[in-house]
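Colleague: Found this in TrEMBL, in case it helps:
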type	residues	note
DOMAIN	1-392	domain 'SAM-dependent MTase RsmB/NOP-type'
BINDING	Asp139, Asp167, Asp267	S-adenosyl-L-methionine binding site
ACT_SITE	Cys329	active site, nucleophile
Amino acid sequence: MDVEETSSLPLPDAFLNFLNQHGLDASIYTATDSTPRYIRLKPGYEDCLEEIETDIRCKLERVCWLPNFYYLPPDVRIASSKAYQEGKIYGIDAASGAAVSALDISVGDHVLDLCAAPGAKLCMILDILGSSGSVTGVDIAKHRLAACRTMLQKYDLGDHCRLFVADGTSFSLLPVRVHSDPPLPSENGENSEVYREWKSRKPWKERKKEAIAREKGVSKLFSPTQEPELIFYGRHSGVVGMRKNELYQKMPINEVLQLGYDKVLVDAECTHDGSIKHVQKFEQWGWTTLQRRVLDAERTDDLTVLQLQLLTNGFRLLRAGGVLVYSTCSLTFAQNEDVVEQFLSENTSAELLEITAAKNWPCKSGRIQKTLRFDPLTSSTSGLFVAKLTKLAI
């Protein structure tokens, strides 16, 4: 793809110093204003391409290295288009699509998206699975996961999905394919409730409980001591007909090796310094906000601890022989290669895999062999680090 390189995004000295400290070449940001916008065409709407182009008044150019992806000029807005509102297209950067593609999702897979919000990757995973398998989406922020739920409903993709508000570093529920003998119901009968088909309007008892919590000023932030909160489940997600104590049953580690997730995506929270749209937002938010949210050394240190914890827990929930993809939209080594190296040193059953599809991708190798890096200058995408791992049966 030929994209003219321009440089009109003003980068403050503090950000340039941050890049220098982390060994990053500031020239990767010279293509920020010409990096195209990417969309994914929902499978089944291939015959509507001309109609969609007329609708958005723009020619869609196919991304030759990523199926169902198209690019268009960065200034084209799709939110008001009929195609977007009717759920025929959705915005997702091609680098993010590559991370999902690296999972090598197969028919019938049970997939865990451990940091699911804002939801574009979740939609792509479900698109690929079609009417098979299941997807479990987890996020610590309820309002962001609620936005994922809205996306699933808009794109009619929720049938095989369940969403939990939970801490990704401690989430421990296995795929719904696990059908062991459920524990006995509790005396008060609370855990013996059977999940019926999900309704967008909550039952009166649940609404009353939330109203009481609001009156008492209960925090909206998820606490690690809370059990995961199920806020959505599809008709074929495996939840309908289960009892609560069966759904929340904890499994021993030997069960996880056999019955864990086939694929796990850990798109970890990061400083977003590689995300062009995120960096551009600081022009409106003010560059002082950048200092607090990206450049602060203490925040970065906290994030690397969190990233390692997320990667470790995602790997714990992976079955033997399964595939995990770790990604961030940071370009720093500290949040990517350093995290992966520390994880590998602590987990002898983990092994890096070659991403075979990447031979046709416009990206660079990471500092560690078999890892990949996308950036605006090299890839004409937003910045992204991708590592693919498997769990050995030791």
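Each position is counted from 1, following the chain as shown.
Any Cβ shown, glycine's included, is placed from N, Cα and C.
Remember, predicted model here, so these are calculated numbers, not experimental data.
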Colleague: Could you give the Cα-Cα distance between Asp267 (S-adenosyl-L-methionine binding site) and Cys329 (active site, nucleophile), in whole Å?
Modeller: 8
Colleague: Rounded to a whole number, what is the top Cα to Cα distance in Å among the residues the record ties to S-adenosyl-L-methionine, namely Asp139, Asp167, Asp267?
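Modeller: Among the residues the record ties to S-adenosyl-L-methionine, max Cα distance equals 14 Å.
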Colleague: What count of other C-beta atoms do you get within 10 angstroms of the C-beta of Cys329 (active site, nucleophile), across all chains shown?
Modeller: 26
Colleague: Can you give me the average pLDDT across the domain 'SAM-dependent MTase RsmB/NOP-type' (1-392), rounded to a whole number?
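Modeller: Taking every residue in the domain 'SAM-dependent MTase RsmB/NOP-type' (1-392) and averaging pLDDT yields 87.
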Colleague: Taking the recorded S-adenosyl-L-methionine site as Asp139, Asp167, Asp267, identify the other residues of that chain whose CB atom sits within 8 Å of the mean position of the site's CB atoms, giving them in sequence order.
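Modeller: Going along the sequence, the neighbours appear as Leu114, Cys115, Ala116, Ala117, Val138, Ile140, Ala141, Ala166, Gly168, Glu269, Leu310.
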Colleague: Near Asp139 (S-adenosyl-L-methionine binding site), which residues of its own chain have a C-beta under 8 A away, given they sit six or more steps off in sequence?
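Modeller: Those within reach of Asp139 (S-adenosyl-L-methionine binding site), by Cβ under 8 Å and sequence separation of 6 or more, are Cys115, Ala116, Ala117, Leu145, Cys148, Leu163, Val165, Ala166, Gly168.
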Colleague: Rank the binding-site residues Asp167, Asp267 by how many other Cβ atoms lie within 10 Å of each Cβ and give me the one with the fewest.
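Modeller: Sparsest of the binding-site residues Asp167, Asp267 by Cβ contacts within 10 Å: Asp167.
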Colleague: Rounded to the nearest Å, what's the C-alpha distance separating Cys329 (active site, nucleophile) and Asp167 (S-adenosyl-L-methionine binding site)? Just drop the number here, would you?
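Modeller: Computed Cα spacing between Cys329 (active site, nucleophile) and Asp167 (S-adenosyl-L-methionine binding site) is 20 Å.
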